[in-house]
């Protein structure tokens, strides 16, 4: 499978940001015709290594060779021209341009300086056909789902005669069939001799597709291993740096009885909430201390439900009662006044304010609720921020660093802290564990359990059924923009039954059983 | 060596370093050209000299630019400030000119209050167009930029209104503690805006709205109110600047007062380090930016650059200033310097150019 000569080597790479040592003396090599997984927790330096490799960042020290020749790229364009193509973690495309334009932007086929649009569209269609995608290449990219946008980004990357293809978290927004489709493409490209660098948090995917694994921890190199020689448990231990039975961390928590929880007045009871084109009218009650899971496929209306409950979108009709009294949830500010918090799944666009510091991002919601005339005293801010930086193990621990310098998982924790600081009564978490590593994932799951034990209601949205099952007292199932069932999470409920409900939508039989 | 190096980096990395350096170089160049440039003398209990003139003349621009900084920080822009200067000056002068006793302090205060009141209403108009109706800021404020000139003409009935009012004249030319009063007015406005934004949470909330409007809304910020407020603040700043401009010449000209000041103000904000895309804002940077622009204007006069070429000269300097400030531009030069001796680790092989 692998040649003896690496196509790419990186030796002694170091890189620091103000207040953060992102990489320290890291070595990395990549052989032609292999899928090489780069593993590590959030903030271990995976994204930084990729950005150094592709010239987005300068290095402080170290050397890179491509085909034995020293190279130093000054930007992704140059790296791409040399055969190193990247699909970055967050889709970096222009949603207002067409699919075809996105694939060829910056390297359009030209004649006498004029772009040959017919050729652009024809080649875009051919490329997408190779990926088994049937899209209207003239339609704006924004009209397609995030998953499709991801595939277009990959199409863009493989169009260039790439020898090295870097995929940073390509699967985090894809559903199972789309992942399978991606893996088929990856195998095809690998067999053509392309070296693929693959970053993911899904361990199963690593073992399904990769030939070799390099593990980073806290900006340093832990080691390089053949996938066949590294059992899953050892991999997790190497990533975390201590022997931990993290995978079992949550299981033993005593699950309180749903009937007991649902006694008394519900904290929030909505009926007939819905929005044309987004989600069919639904009814849902959430009690204090209850974790309600929201399961369903990508695009099944999970996020839309959350947005309606938070007032981010306005419902077309229906009623809401809070503590039994008729109320309304028409704007986020109003929802926050009622004690609702909402962590969006799209943390870059709808979550963090990249310019502001970790501290400012954390206190933002609390400050907004108080109004700008009543600033939170600086000492109180520092107390709160310090408490949550410690409690959530946010790295780097310097709250004055701009939040954009943090890794994705740590940004997610900052967002969580923003809401925990407001001490919400209902916290809506939309995919809080997507794209973050096992350690942080367990921490967040444990946190949800603790919060609900403390009386907070949680609406937990996740594509991972195991996670939903582990945490929830009740699971609402979404299918084709409808809430098709609400199932009590007792012994009889398992992933298979949720899957069947998603597949068949036969909620009546399920609910009656 | 390393220590000096890192100290040098910290210093040049400070956001005020480059604007301050540019200002310093300009002053130094002027002093070399004309050694008496920086000299200040005390006459009749007042300080005189070119530096004092620069401070006094930059006061209106500083005022306008302060308001503009907040607007730009929200991701907006206010093109109407020049017209607002003309309107506020016109109203004040028109009212004073109609009074029997133009030197009465009461008359002047009434005039200022009236003009300020109208400006606030016009600022609120901008705010409503942007924050409530949702028109793009550049278009929304363009309306008042164009219509405002007409409004100012209407107020002055197309004439240049000349007044003879000592208290009003003092706003532009008066002195206090040996220094021009205008400097203190600008300073007070700067401190007021700074306190208003940094002692409250307003500054952070403005930056949050400008940095990521969607995320701010989901964090519960009622961004409409904040955006409305910054246009009102901007109008208030422009109104006071308008008083100064008309007081300097004791007359109100609806056509000429505050003409193009919005462009100078935007430039001052950008030189000061606030991004036109919104987000973080820097009031101290804006003030230095305004001083740079005024120094440049003074330089043009001081160096006897012919009127035909003075605008071109200004343009060249402004381009240079902007380039020096751009990290990408500086990086291109520092990288070239750094790469001159090839790094030891790969010295055994000549550095290969990657085929583009």
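In case you wondered, yes, glycine gets a Cβ from its N, Cα and C as well.
Some features that TrEMBL has for this protein:
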TRANSMEM  B:16-33  transmembrane segment
TRANSMEM  B:54-73  transmembrane segment
TRANSMEM  B:104-122  transmembrane segment
TRANSMEM  B:128-152  transmembrane segment
TRANSMEM  B:173-195  transmembrane segment
TRANSMEM  B:201-219  transmembrane segment
TRANSMEM  B:226-245  transmembrane segment
TRANSMEM  B:257-274  transmembrane segment
TRANSMEM  B:281-303  transmembrane segment
TRANSMEM  B:309-329  transmembrane segment
Can you work out which residues elsewhere in the same chain, 6+ from the ends of the transmembrane segment (B:226-245), have a Cβ less than 8 Å from its Cβ atoms?
59-61, 63-64, 66-68, 70-71, 73-74, 76, 78, 80-82, 84-89, 92, 112, 115-116, 119-120, 122-124, 126-128, 130-132, 141, 168, 171-172, 182, 185, 189, 193, 196, 202, 205-206, 209, 257-258, 261
With contact taken as 3 or more Cβ pairs under 8 angstroms (pairs 6 or more apart in sequence), are the transmembrane segment (B:201-219) and the transmembrane segment (B:104-122) in contact?
no
Which of B:16-33, B:128-152, B:173-195, B:281-303, B:309-329 has the most Cβ pairs closer than 8 Å to the transmembrane segment (B:257-274)?
B:281-303
Who are the long-range neighbours of the transmembrane segment (B:309-329) in its own chain, taking Cβ under 8 Å and residues 6 or more past its ends?
18-19, 21-22, 267, 270-271, 273, 292, 296-297, 300
Which bits of the chain, at least 6 residues beyond where the transmembrane segment (B:281-303) starts or stops, bring a Cβ under 8 A of a Cβ in it?
15-16, 19-20, 22-23, 26-27, 29-30, 33-34, 37, 50, 53-55, 57-58, 61-62, 65-66, 68-70, 72-73, 190, 193-194, 197, 203, 206-207, 210, 264-265, 267-274, 310, 313-314, 317-318, 321
